[in-house]
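First up is the structure itself, then whatever we jot down about it.
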Amino acid sequence: MIYEGKAITVKALESGIVELKFDLKGESVNKFNRLTLNELRQAVDTIKADASIKGVIVSSGKDVFIVGADITEFVDNFKLPDAELVAGNLEANKIFSDFEDLNVPTVAAINGIALGGGLEMCLAADYRVMSTKAKIGLPEVKLGIYPGFGGTVRLPRLIGADNAIEWIAAGKENRPEDALKVGAVDAVVAPEKLQDAALELIKRAVSGEFDYKAKRQPKLEKLRLNAIEQMMAFETAKGFVAGQAGPNYPAPVEAIKTIQKAANFGRDKALEVEAAGFVKLAKTSAAQSLIGLFLNDQELKKKAKAYDEIAKDVKQAAVLGAGIMGGGIAYQSASKGTPILMKDINEHGIEQGLAEAAKLLVGRVDKGRMTAAKMAEVLNGIRPTLSYGDFGHVDLVVEAVVENPKVKQAVLAEVEDKVKEDTILASNTSTISISLLAKALKRPENFVGMHFFNPVHMMPLVEVIRGEKSSELAIATTVAYAKKMGKNPIVVNDCPGFLVNRVLFPYFGGFAKLVSAGVDFVRIDKIMEKFGWPMGPAYLMDVVGIDTGHHGRDVMAEGFPDRMKDDRRSAIDVLYEAKRLGQKNGKGFYAYEADKKGKQKKVADPSVLEVLKPIVYEQREVTDEDIINWMMIPLCLETVRCLEDGIVETAAEADMGLVYGIGFPPFRGGALRYIDSIGVAEFVALADQYADLGALYHPTAKLREMAKNGQSFFG
């Protein structure tokens, strides 16, 4: 062994060729933490000092190559002063440059995922051979930053500015054939041939058959574009990417600006430009929020994984109630490998459920994301039925019938008699108490809530609701099944609205107050969309359904009358009475028309103003900032209450629930991180300015205590 560390080893293979292997001890993946970077420096120095070494193959001892930088470690660095952070970045980059400058040829053998710093390591090599099972990419923009280990310098010089901009600004993972096509890798081979292919390539470079120094040279020079070509490439890209990313996500455009600024410099000066821009981005609130989301997501996955130890494997599932929701659940289960029975009480429901699943599958086939054979396999995994005949072998049943407690209780009690004693029953309810529904069951310990969000195939969140008598086995099995379906489960305790709807309705409450104060709902929508929401509250209410919102509002008012009950009629009441139910019947706050593709498109409908007139009680002058505060303060305070009441266990879960469940602006990080960004004391003072609007705007005693003590939700 030439070098041996805890993350990296260097050993001789044959004929002066060595293997530099990443294999971080005690971890399932390789990542660039301080230990790995230090050992890479030592390994490179060792290779440089050994004149007998003729070539280097870089490999991985794990199923992945390198997943990138250890963000949990590096996020602390982002708090350092700018100059210190720039110096640290350049010091790390010198390690990659020293590797690139070795006086021998180098080949990266990419066996699995190589992302971020993992791909940047590969770019520092002279050649790259990629397994057909691998994927590569630079996803840093998803964290609000851009590549900081030379990615903005080497990639454009290797594959051209246009291709590099597309890779870096999109932040997606790229398949082997796409990587080969643009020249990001030199060869793609079957996994079992990877080592031999890398060895063959390095031998040909060592022998002089391949000129590795000529291959390396473009990465060390300025970008090979003249002034006119640069202007065309960069200005066009900046305009297009700015339109795609929007003003709240600066990283993609900043990456292009950095490539442009560094275009006329050689590698070392270009790396200085990259470091300066990287530090600037790392300090933005968007980066801090998006990195916070990433860390929260890791915490969520860790918590969900902990349930695996006691979870029962769901080999056969069932859904009660077909229709669009049942069809979506059936599609999601079958497409992820769990066969499912789809039961309804009539043929129409079955047809609707199958049509929904088929529509989703055809969409995937049309986009090239699924083969026709796979589509047939998934459809075969959905078995429609009008009876309970085959329910004796079902491991978990999702009840998805109408949102009515008596109907749900009757259906659940009925199915309980048709399944095994240990079958888990899960109710897909958005507002009804799980403990209440459990009263109809003989085995309430086997019963939980499993709240899917609509549309099921698109929304990543599933709330798994623990009732008073739900067992840990039932919770664990439902969490594991949700994960198997490709969802992000969050376990919450039972209360009206659970987490997401309990927090959403105070937001709608703020909206109702604004409309009753004479504020134009179109203006409110525009301001909240500019704030970062995917759609404004009026449009969201139309999409959810005015009738659904009306029912949910009443449930929440009954559950929390002190702050959610309003004796005055509001916009949702008059729209409901006028049978303007939203998108579902073509008119709500807006009117809806089908576009050329048959997709619903909202249009202005002046007639709604007459409908709303009776609930406009005053004409109040409010600023754009007021509108944001009227909307956001109730949502944030209810999130705080959910955490204090133990409905959700951690701040991370609360914030992720809102991002995944209702589209809370990711660049703001979630409600609790949003409070942190303002400052807890400042937020309490802000809420107090709106105290006259009612109890929804009154901070809790505990939040006031946090403000007094200078505390925050995230350290």
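Keep in mind that glycine also has a Cβ here, set from the backbone N, Cα and C atoms.
Taken from Swiss-Prot as is:
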type	residues	note
ACT_SITE	H451	active site, for 3-hydroxyacyl-CoA dehydrogenase activity
BINDING	D297, N501, Y660	substrate binding site
BINDING	M325, D344, V401, V402, E403, K408, S430, N454	NAD(+) binding site
REGION	1-190	region 'Enoyl-CoA hydratase/isomerase'
REGION	312-715	region '3-hydroxyacyl-CoA dehydrogenase'
SITE	E120	site 'Important for catalytic activity'
SITE	E140	site 'Important for catalytic activity'
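Positions of Swiss-Prot features highlighted on the structure.
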| residue | record | DSSP class |
| --- | --- | --- |
| E120 | site 'Important for catalytic activity' | helix |
| E140 | site 'Important for catalytic activity' | helix |
| D297 | substrate binding site | helix |
| M325 | NAD(+) binding site | helix |
| D344 | NAD(+) binding site | coil |
| S430 | NAD(+) binding site | coil |
| H451 | active site, for 3-hydroxyacyl-CoA dehydrogenase activity | strand |
| N501 | substrate binding site | helix |
| Y660 | substrate binding site | helix |
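Of the listed recorded positions, namely E120, E140, D344, the sparsest CB environment within 10 A is found at D344. In this structure, K408 (NAD(+) binding site) is part of a helix by DSSP.
Residue density at N454 (NAD(+) binding site): 15 other Cβ atoms are found within 10 A of its Cβ, drawing on all protein chains shown. For M325 (NAD(+) binding site), the nearest of the recorded positions by C-alpha distance turns out to be H451; the candidates were E120, D297, H451, N501, Y660. With respect to E140 (site 'Important for catalytic activity'), the closest of these binding-site residues in Cα terms is Y660, chosen from K408, N501, Y660. The Cβ neighbour count for V401 (NAD(+) binding site), using a 10 Å radius and every protein chain shown, is 23. Within the model, the region 'Enoyl-CoA hydratase/isomerase' (1-190) shows a mean pLDDT value of 97, rounded to a whole number. When the binding-site residues V402, E403, N501, Y660 are compared by the number of other CB atoms within 10 angstroms of each CB, V402 has the fewest. Binding of substrate is attributed in the record to D297, N501, Y660, and the widest Cα separation among these residues amounts to 20 Å. Taking all protein chains in view, 21 other C-beta atoms sit within 10 angstroms of the C-beta of M325 (NAD(+) binding site). On the backbone, the CA of V401 (NAD(+) binding site) and the CA of D297 (substrate binding site) stand 31 Å apart.
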